[in-house]
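So the structure is just underneath, and the comments pick up after that.
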Amino acid sequence: MIFLPISSIETKTYIFQSIVILVCVLITASIMSVVERRVLGLLQNRYGPNRVGWQGTLQVVADMIKLFFKEDWIPTFSKKITFLIAPILAFISLLLVITIIPLSPSIVIVNLDIGVLFFLMMASLSVYSVLLAGWSSNNKYALLGSIRATAQTLSYEVFLGLSCMGVVARAKSFNMIDIVDSQIGLWNIIPQFFGFLAFFIAGLALCHRHPFDQPESEQELADGYHIEYSSIKFGLFFIGEYISIIVVSSLISTMFFGGWLGPLFPSYFWFILKTLCFMMIFILIRASLPRPRYDKMMLFGWKVCFPLTLINLIFTALIMLY
């Protein structure tokens, strides 16, 4: 692990680089919410948000103003401290994962030797925010939504972790930079194709995105575990979902598509391009797929994703041994 540099110049550079990357992630997440609504509008033969600014470009600003000026209401029947902690935990848990993802060989906030394990740890921590939000709201719909989300996330995190192990075995390291370096000449998408499929599907479930958005299903649970949240607290949940999409897209680019590897252009250009492509795929999936029944979604995980990860691990072991 690389700790904070000692010299004052290096320390200032490190802090500045960290702030710039995290602010860029937050801005990207905000913009993505508007891009998603515009793309969904085009695919559904309607306009989408196009009134604030040119073609709706300032819709992000309008949304932020609306959230900040809404009443910051805490239900009288809720567990207040837990109710306040839950959205902060949801926002921070996956935002911290950004710190270990390298944009290039030289642009990484924290170069952790246990990078993959750190991601899995933060992903597990995000489950607590959902469970605490549903329980502390003291609302039956919020509680049902949080139970659904917890069961779903815990189940698919098993496949998420197993799908990472093939990549780790091939790189012989949990370090993200080592994983990218191991893909020079051959990206992991080819030898780890089954692992990629399982990771991508589990990533959708981790982000609670279509078709794995049962915890927030409006028709059944009235918006799920954050039904009692408003103002900035709801905004933290809202922006946290898009941060999780950025994190999963970045990890797919890093672990399976060579990260910053690419010809001609600067290394960070290729990383950003690959990440943006997967973020767009997340949006297109939301526009294309229906919401399956909850029990079918859970069965799909254990009957399809779990065997896929096992086949991938066996295949990887055979290649490494022989």
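Using the three backbone atoms N, Cα and C, a Cβ is placed for every residue, glycine included.
Computed from a predicted structure; not experimentally measured.
Noted in Swiss-Prot for the protein shown:
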type	residues	note
TRANSMEM	15-35	transmembrane segment
TRANSMEM	81-101	transmembrane segment
TRANSMEM	114-134	transmembrane segment
TRANSMEM	149-169	transmembrane segment
TRANSMEM	184-204	transmembrane segment
TRANSMEM	237-257	transmembrane segment
TRANSMEM	265-285	transmembrane segment
TRANSMEM	299-319	transmembrane segment
Best-packed against the transmembrane segment (15-35), counting Cβ pairs under 8 Å over 149-169, 184-204, 237-257, 265-285, 299-319, is stretch 237-257
Maximum Cβ pairs under 8 Å to the transmembrane segment (184-204) among 81-101, 114-134, 237-257, 265-285, 299-319 is reached by 299-319
Same-chain residues at least 6 beyond the ends of the transmembrane segment (237-257) with CB under 8 Å of its CB atoms are 25-26, 28-30, 32-33, 67, 87, 90-91, 94-95, 97-98, 101-102, 116, 119, 126, 133, 164, 167, 176, 179-180, 187-189, 192, 195-196, 199-200, 203-204, 206-209, 226, 229, 271, 274-276, 278-279, 282
Beyond a gap of at least 6 residues from its ends, the CB atoms lying under 8 Å from the transmembrane segment (114-134) belong to 1, 82-83, 85-87, 89-90, 93-94, 96-97, 100, 142-147, 149-150, 153-154, 157, 160-161, 164, 167-168, 174-176, 179, 206, 215, 224-226, 229, 237, 244, 247, 251, 255
